[in-house]
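> Dumping the structure here so I can ask a few things about it.
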Amino acid sequence: MSSLLSTQQPLAPPNLSRLDQRPKSPSIMSVVADVGPHLPATPVSTPPPRRSTTVSARHPPRSTNALFAAFRGSSHYEEINRIGKGAYGTVYLARDTQKERFVALKKMKFCLTEDGVPMAILREISLLKQLERFDHPNIVRLLDITHGQRYEREMSLHLIFEHVHQDLATYLEKCPSPGLPPAKIKNLIWQIFNGVDFLHSHRIVHRDLKPQNLLITKSGQVKLTDFGLARIYDFYSLLTSVVVTLWYRSPEVLMGLSYATPVDVWACGCIFAELFILKKAIFPGEYELDQLNRIFDVIGTPKEEEWPENAAVTRSNFRARSVRDLSQIVPEIDEEGADLLKKTLRFNPHQRITVSDALVHPYFNDVDKDC
């Protein structure tokens, strides 16, 4: 494991005794129990070993058959139109003909290994199913999971979420001059931290926080989406050509190091700044080295002794720069907001504030949670 994470404290396991008493779904849980242990205590970026994808068409592996048995087909969801396409699949606006409601249907394809469904996918699906029981106000609701087509070496799952009509990126684009009121910014970033804190308390690193993955309801409620999908996507990414934005990636990710929950804190900081400057990212890099250069233009170039030994790039690639005053970059932010922002954008992930500590930062002493 990276030296940057050598002192990373393990995240607390979910307290399943606090789940509500609705009937559990024995099918998916039994599938997961059959194929592997529980999730590791600390989610990190280390990918699983690559496996052969040769699958017998005549005799599909047990886990593949079990997964199909666990989930029904999606014939009662009528696709209306495509509303998004990203790294983790294509999203459609659909109608649930059984409950007469609109939903967001996300189609995810993945390759089968020689053992069938990759174990990491079963684990992540299990965790998503567990989290839906909490009905957290800042987490998009997972309503259903269905299966799509199954082929010799590939199958698809359809994740059915509540439909929210816009994301934060669209919300900010529509925001008229002179921008969001300070109280609204404080409310939005508080909701984002609150949702991320829930994920971290249940051992989930989002890994891809950005305005496009933050939904906003008509009443102004923020809902995180696409959490837990990044690790599923690891099994499919080598076979596709998907461009993922660099703007919200932390230094340790850009340097090819292992990572954990602090990557989400960094992304929250980037989004926090963007709420003030609107329509423009604080670090709009075009490629990895450019992204790091833009970061160091603001937080300063780390000293030689602060540079990770196993980083994919060396410090000699970057000229020395001093820390800039954040008020020059985000002029509308107040003193307490600037202090919080600075603590989210620390180079060393161990020195970054945690989301739980961020929620009790003095900046939020007067937050209007119903703004």
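Every residue gets a Cβ built from N, Cα and C, even glycine.
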> Can you identify, from 1-23, 300-322, the stretch that TrEMBL calls region 'Disordered'?
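Result: 1-23 is the stretch TrEMBL calls region 'Disordered'.
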> With H, G and I counted as helix, E and B as strand and the rest as coil, say where DSSP puts K106 (ATP binding site).
strand
> How many neighbouring Cβ atoms, not counting its own, are there within 10 Å of the Cβ of K106 (ATP binding site)?
22
> On the 0 to 100 pLDDT scale, where does the domain 'Protein kinase' (77-364) sit on average?
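Here the mean pLDDT over the domain 'Protein kinase' (77-364) amounts to 88.
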